[in-house]
Structure formats: structure tokens, C-alpha cells
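Structure first, commentary second.
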């Protein structure tokens, strides 16, 4: 090749690359474009709303409808590039959605544990930090064109039924915990610390799936056809609670409606749920998006409308603003032409969408010149971020049983057998909706750091389903020659997943036989490690004498192996608490997953759901968890009488209930100061759970369905060995001490209330509150 031809070819390549980069700009309002200055939507001195309205006013109907879908086409004539709205960040930046890509520039991102495990930490500051890390990595990837700015996370559905395949994505069964997680993770993702009144967003977060969505595919009944029959009582105090907190306290910028119907109406077509509640009552400042193809689902699968145009009109009029999928893009224009929809309905939806992009800086020019513009590939998978992923896994691990053999001594283990289908897990540990992790540390790799030359490994099963017994004999032989065995069993995405609910609560296939045979062959200590999201009935294992300890490790993320090993060998003192009730198999045998009721029914024999209502005997209770230390708690100060001011003032009545709409709730707060003493020789963290037991008269006053007990506060406290720490728990009385009646109305009940401090794995203490009606809201101590 001649030098001249080489130079020409080089210039052509440079021009092509430059052209490609130009065509792939991930921002609008490029200051180098002459026309930019005349566009009102590029004028940063105007309000977001004014800029969004200006942009929408410049679009034709054909252009408008193509911006109502996740794969927005953009408006090239105005310098607005295409934008992919769908990105995921459930527990790390994920390439599950089309908005994120990994390549040689950014090969992976920090992969935290599944949400169900980080929820077990009961650590609000951890949840906030995780959100901050994820949003930093998202912004860094956006700056190099590998990620969007809108993330459809977190999942804040309550883990209603232990068989649900997507329970792993949630913070558990308790509405307060789910709400606290939602608020903190959303703030971590979205908040810009020096934003002031600008309401800028770091990235946009989305709370999903609204609402009463917690069934995917159980015995042939799928989420696309399921009609969730929910009482007003359960809707108010269980299903809606996390979403309300997410919007009102977390200030989330998006909510996603779900596939299912609620009481006969598809959630994405319900004007009461969307326009009435989210937009009207809760005052969402953001957009409402459908789960992917939800409009198509209610048209094609359940034939909810006669025509596609009717389906589109119904959704937009109900308050939907965006469609994950292409249904709105295909049929909205014709719906307007047929007068089933007004052009103003389309404009309204687009304005809500564009305001979010304005807050993200998408219309402020090159992101490299904006806040977070300095972030790049070196800010993804940083050492600090990977250390936080390890810390999150350690904080969530729950010690279920310990007969004194843990922690294992680091120097006296002569031969360690590592057994089980999840013993060498890698991808299993990062759960679903995960991206490419920075790196993996499997359980066996973590354990090898403590016993580098004395480990023997046998899987015992070909996979988690464990369909045959052929590998069990080799596992038994390995165990018989070892003095300590770590047996890692459980579930994975082939057993519990999106689109796949469990039928049973037992270990799959021959895993139970593997556990029994290993335990019977073991000379000494067996440590049983359970990797799963949903609970498993392991009652049989409690009676096997060689099983000296049991750990639940959820799906522990990229650093799971190190976390497990550090807990087993005592470099970390476990402190996690179960965020879900562990039910016996009997529950799955008797209770239909399609029954949405939370409260028990003695007539039908329905036992109720979650620790708040379940009347059966669980394998392990919500909040259960052991430590290598011994802790005690005590109340240092707390009110004993609460006077409630009502409007109008009501007469004192020892056995009455008051609608909270008549109560001056604004200043009705109480504070409890609690002390925690560590009696052990190890420093550790203690999760203090504060439960509330309503007055005995409550059932008759609110029409039944009163919780057995209810979590009203929690705090994770670090306490040095032989040291004492104190902390405060603040309660909003109207939220914490209220009950929901059968009409869905919140009531305060006067009389004697009991606070229970500690779970059933702790030494519980009690504090009594006397709630009275009065002419003022003074709290007497």
C-alpha cells in the first residue's frame, strides 16, 4: 500500500469514527450547534416545565407518539437524539435493560447482593450508600456512552408469599422495612447533595411494580392473566405502603405499573390508582411507566378493550405517561385521529417525561461539562465500591443455628470438605437483574483463603435441581475423610425467578438426601449454608446432630464467597436478621398463592401471611438472627402517656378509635432512647427491632384484622466488646400506632399499647404506652 493510499484510508477511518461518535451523542442542546440558542427548551434559565412545554409545542403528532415508548426515536431536526429509557439498577448497574452496555472500556460494574439479603442487614445507611455507589457508576458509564440516566429500580413489592420467584428482588415481607429500603435506595440513586432548589437528579429511579404484584407463574396461573382480589384493608396497610413512602418520602421520579389486575382493573389502565393516588394524593413529581408490554397484555391476553386504540386511550387517560414496549408508538396517533384521545393527553404525558430528562441535564449540553461530568471508567468497580459489596454481604448473612462450633478455628482445621451444588457458585450469587460483576469470589474460593491446601470439593449434585443421586456417594466419601464440612445447598434462578414461582418450600430434588447423607457420614462439624431468596423448610436438619451451625446467605453478590468464609472463620461477627418468615411446607400445601388476603380466617382455616398475621408455627420467625456475641437492651427514656389532639375535640373515652384525618398528626411524635450492651468478647453489631402490640380492644373498634404484632422501628448499632451504646428511635404516632379498618381508613386506638423491643432470638423487653384523647397534643413522660 502506498503512503498516499494509507493516508487517505486513515483519514477516511477517522472521518467515519468521528461521524459515528457524532451520531451517537447522548445529549441534546449541543452548544456547538447554531440552532441551539433559539430553542426555549435549551434555555437553562427557564423552569423545567416551561422548557418541556416548549419542546412539546415544536413536535408534530407523528413525532410525539414516538417519544412515548422506552426506545424514543428523538427529534433529529431539533438536535434531540434517540434515548433509551429502559435501564436497570436493582443491586448494581445491569445490562438486563437495553440502555446499558458493557465493553472493553467498562467490562463490568459492582454487583451487590440480592435485595433480600441487604434488607437482612436492617441498615438504612448501607442502603443509602449502595444507591450512591450505583448512581456514581451509572453516571460514569453514561459519560462514555454506555448507559442511560433512567433506571427502573428498585422493586418495592412486599414479599407476600414465600413461593414468589421475584421475592429475591424485594426487601422482604414487612411494609416498614420495604418502605425504609425504598426511600434510602432511591435517595442514594437520585439525590444531588448541592442541588438546592434546582431539583436536579443524579439518575432517575423508579419504584415498581405498582401494585399488589407478587405472583409470576404458579401452577399455570401467570401474572398477565391474574386478577389480584385485594381488600381495602390489605391494600392500605400492606400493598400500597412502600409505594406511598417511595413517592412522598423518597421523592422518586418514576413509578411503574404492573401487569396484573387489581380487583378487575389492569393497574396501567386504572385512573384511580394512577391519576387519583400516585399523581393526586401522593403528588408524584415524575413520570408513570408501564411494565414492558403491559398495554399489549391487557388488550391481547385478557381482551380488556375492543380495539388497540381503545387500549391506548384508556392508559393515557388513566395517567400513564410512557410505555415500555412499542404499543403507544404504534396506535396513539390513530387514537387521536379517531377522537378516542385528545392531543392534550399526549402532550401531558410527554411533559412529565421530558421534565425528568431536564432534571437529569439531558438538555443541558455535553454531560462532561455538567455535574458528575468528571466521572469515568476508573469510577466503576473501584476498590471502595467492591469493599462495600463485600460489607453488604457480610451484614446481611443470618446465623440461624450455632451449637458452639462457629466460628471455626483458623489454625486447627486439618481437612475441610466443601460440598454442595452451590459450593462453587458464581453467577448464582448475583441473583437476577444483575450486570457483569467486577469479579467473582465463589464460596470455595473464599474458604480456600483460610485453608489453602486442605480442601476437598464435591458438588454432590449436578445442579440445584439435583435430579439424581449419582454424585452423592463421592460427596459422602469426601466428608468421611474430613474433620469439618461446609455444605452449601439451596436454590437458583432455575427454581425461583421472574416468571417462575415455587410450588414447594423444601430443598429441590435429592438435596435433602444429600444433606442427610453428608450429616450422617461426617465425623465432626457440618456447617450448613443455604443460598436462596425464599425460605426453605429445613426442620429436618435441626435434628441432625453433626449439623452444628446453619447460615442463610441469600444471593450474596460478587463477593459472596469472601463474606461466607469471613463469617464462618470469625473475621466477621454475624448480625443479619431474617426479613421474611420461614414457613413450614404445610403452608404451601394448604394455602393458594392466588389468595391475596393477609389476615387469617378461622372459618376457612386460612392461617394468614407474614409475621403480622400468620397463626401457624414458623421454622424461623421474621427478625430472627444469632450472633457470636451476647447483647442486652434496655429503655433509657420513653413516654408513658400520649395525649392526642383531635379536631373537633372529642370527649375522653378509654375504648375508642379515632380516624387520623381528625388528628393533629404533624407534631405527634415520640422518641425512645434505648441502650445496648455487648456482653461478649467480640465487637459486633446488634439489630434492635421495636414491635408494637395494639390494645386488646382494637379488633372490635376497627372491624377485625388486627396484627398480632407490627414492626414500628429498627436500628443497627455497633457495640464494642463489653461496651454499651445508646440510640434513639423516633416514631410518627399516626403512622406507627395506627390500624387500618375494613374500609381502608387509618385509625388511632386509645388505651394501653405495648412496645416489644427485640425479636424472638433476643431477650425481649417491654414498654407500655397509654394513649388518651385530650384537648392538646402534649406528650407526657
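Glycine is no exception: its Cβ is also placed from the backbone N, Cα and C atoms.
Keep in mind that what you see is a predicted model, and the values were worked out from it rather than measured.
Under the heading signal peptide, Swiss-Prot lists 1-23.
Residues or ranges marked as N-linked glycosylation site in Swiss-Prot (evidence: sequence analysis): 43 (among others). Listed in sequence order, 51 are the same-chain residues at least 6 apart in sequence whose CB falls under 8 Å from the CB of residue 43 (N-linked glycosylation site).
As annotated by Swiss-Prot, N-linked glycosylation site applies to 103 (among others), with the evidence given as sequence analysis. Remark: residue 103 (N-linked glycosylation site) has 146 as non-local neighbours, by Cβ distance under 8 Å and separation of at least 6 in sequence.
In sequence order, 395, 716 are the residues near residue 123 (N-linked glycosylation site), counting only same-chain partners six or more apart with C-beta under 8 A. Annotated N-linked glycosylation site per Swiss-Prot: 123 (among others), in sequence order, evidence recorded as sequence analysis.
The DSSP secondary structure for residue 291 (active site) is coil. In sequence order, 208, 209, 256, 257, 258, 259, 268, 324 are the residues of the chain that are 6 or more apart from residue 291 (active site) and have a CB within less than 8 Å of its CB. Summarising the annotation, Swiss-Prot assigns active site to 291.
Residue 342 (N-linked glycosylation site): 14 other CB atoms within 10 A of its CB, across all protein chains. Look at Swiss-Prot and you will find 342 (among others) tagged as N-linked glycosylation site, backed by sequence analysis.
Taken residue by residue with DSSP, residue 424 (N-linked glycosylation site) is part of neither helix nor strand, so it is coil. For residue 424 (N-linked glycosylation site), the number of other Cβ atoms no farther than 10 Å from its own Cβ, over all displayed protein chains, is 16. Marked as N-linked glycosylation site by Swiss-Prot on the basis of sequence analysis: 424 (among others).
The N-linked glycosylation site annotation in Swiss-Prot covers 504 (among others) and is backed by sequence analysis. For residue 504 (N-linked glycosylation site), the same-chain residues 6+ apart in sequence whose C-beta sits under 8 angstroms from its C-beta are 585, 588.
Under DSSP, residue 543 (N-linked glycosylation site) is assigned to a helix (H, G or I) in the three-state scheme. The feature N-linked glycosylation site is assigned by Swiss-Prot to 543 (among others).
Annotation comment: Swiss-Prot describes 601 (among others) as N-linked glycosylation site. Residue 601 (N-linked glycosylation site) counts 13 other C-beta atoms within 10 Å of its own C-beta, drawing on all protein chains shown.
Residues annotated as N-linked glycosylation site in Swiss-Prot, with sequence analysis given as evidence: 653 (among others).
Comparing C-alpha positions, residue 601 (N-linked glycosylation site) sits nearest to 543 among the glycosylation sites 342, 424, 543. Taken residue by residue with DSSP, residue 601 (N-linked glycosylation site) is part of a strand. Around residue 543 (N-linked glycosylation site), taking its Cβ as the centre, 9 other Cβ atoms fall within 10 Å, counting all chains. Between residue 424 (N-linked glycosylation site) and residue 543 (N-linked glycosylation site), the C-alpha separation comes to 27 Å.
Residue pair residue 342 (N-linked glycosylation site) / residue 543 (N-linked glycosylation site) shows a Cα separation of 68 Å. Look at residue 103 (N-linked glycosylation site): DSSP puts it in coil.
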